[in-house]
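K.L.:
According to TrEMBL, the protein carries these features:
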type	residues	note
DOMAIN	3-81	domain 'EamA'
DOMAIN	94-223	domain 'EamA'
TRANSMEM	12-34	transmembrane segment
TRANSMEM	40-58	transmembrane segment
TRANSMEM	70-90	transmembrane segment
TRANSMEM	96-113	transmembrane segment
TRANSMEM	125-144	transmembrane segment
TRANSMEM	150-173	transmembrane segment
TRANSMEM	180-200	transmembrane segment
TRANSMEM	206-223	transmembrane segment
Amino acid sequence: MRQFRLRDYLTFLYMGFIGVFLYTFLLFEALRYLRAQEAFILNYLWPIMVVIFSTVILKEKFTLRKCGGVVISFFGVLIVLAPARASLQFGSLKGVAFAVGCAISYGLFSVLGKRRDYDRYVSMMFYYLFASIFSAVPVLMRSGLPRLSIAQLLGVAWLGVFANGVAFAFWFLSLRHGDTARMSSLVFLTPFLSLVYIHFLLGEEILFTSLLGLTLIVLGILIQHGGRDRAFDPDLPHLEQY
């Protein structure tokens, strides 16, 4: 097993804070103020944030194609936000800020992760370990461990075991044993499948503006990557399970 130094653990610490703790906190805060479909679609801006941060941090070239993709995706965001802008509700605006912050957080996490060569399983273990510590501190300082019902415990277990651990394991296994390009392209199905789950499990009516806006966001992501199956770095974990 690889021997880690102090700087490696510091890397795990800040990566766990940015990509897991902060991301999850902002996402759940967004869900307090927005429809699930709106929060999820805005969260899907993170690939756009990857392009922006890659230009700033990794000094990658910001081509005309990338610029066009970013513009189209943000136009999709405006369409998704049309109902909220029409009502001008302060809560909705707060939710939008949290959801966009969520995308920014994960976009930054993804770009910083490109510069690391840690084992996927080991790095994710440490990311979640430190994120658990960050999460426990405010809970214990505020009111101590809450009493959870059986249903709530099952929900937490679902998110922790299946939506995170098992999902990541299967994702990495699919990349190892399948065609990487094909596996990566399947990621584009997740936002549309999530709308189906939101409709049937949460009972939300899926708005036409949500479908149209999401389509434009995905189209923008495809355009900025030249329509090739590398819109997602297969070496990076993906958090679309929320």
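Positions of Cβ are set from backbone N, Cα and C atoms, glycine also.
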K.L.:
Mind checking which residues of the chain, 6+ beyond the ends of the transmembrane segment (96-113), have their Cβ under 8 Å from one of its Cβ atoms?
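P.N.:
For the transmembrane segment (96-113), the sequence-distant neighbours (Cβ-Cβ under 8 Å, at least 6 residues beyond its ends) are 15, 18-19, 22-23, 26-27, 29-30, 33-34, 38-39, 42-50, 52-54, 57-58, 81, 84, 233, 235-236, 239.
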K.L.:
Please spell out the DSSP helix, strand and coil residue counts for the domain 'EamA' (3-81).
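P.N.:
Looking at the domain 'EamA' (3-81) with DSSP, the answer is 65 helix, 0 strand, 14 coil.
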K.L.:
Should anything in the same chain at least six residues away from the transmembrane segment (206-223) have a Cβ under 8 Å from its Cβ atoms, list it; otherwise answer none.
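P.N.:
Cβ under 8 Å, 6 or more out: 37-38, 41, 44-45, 47-48, 65, 68-83, 188, 191-192, 195, 198-199, 231.
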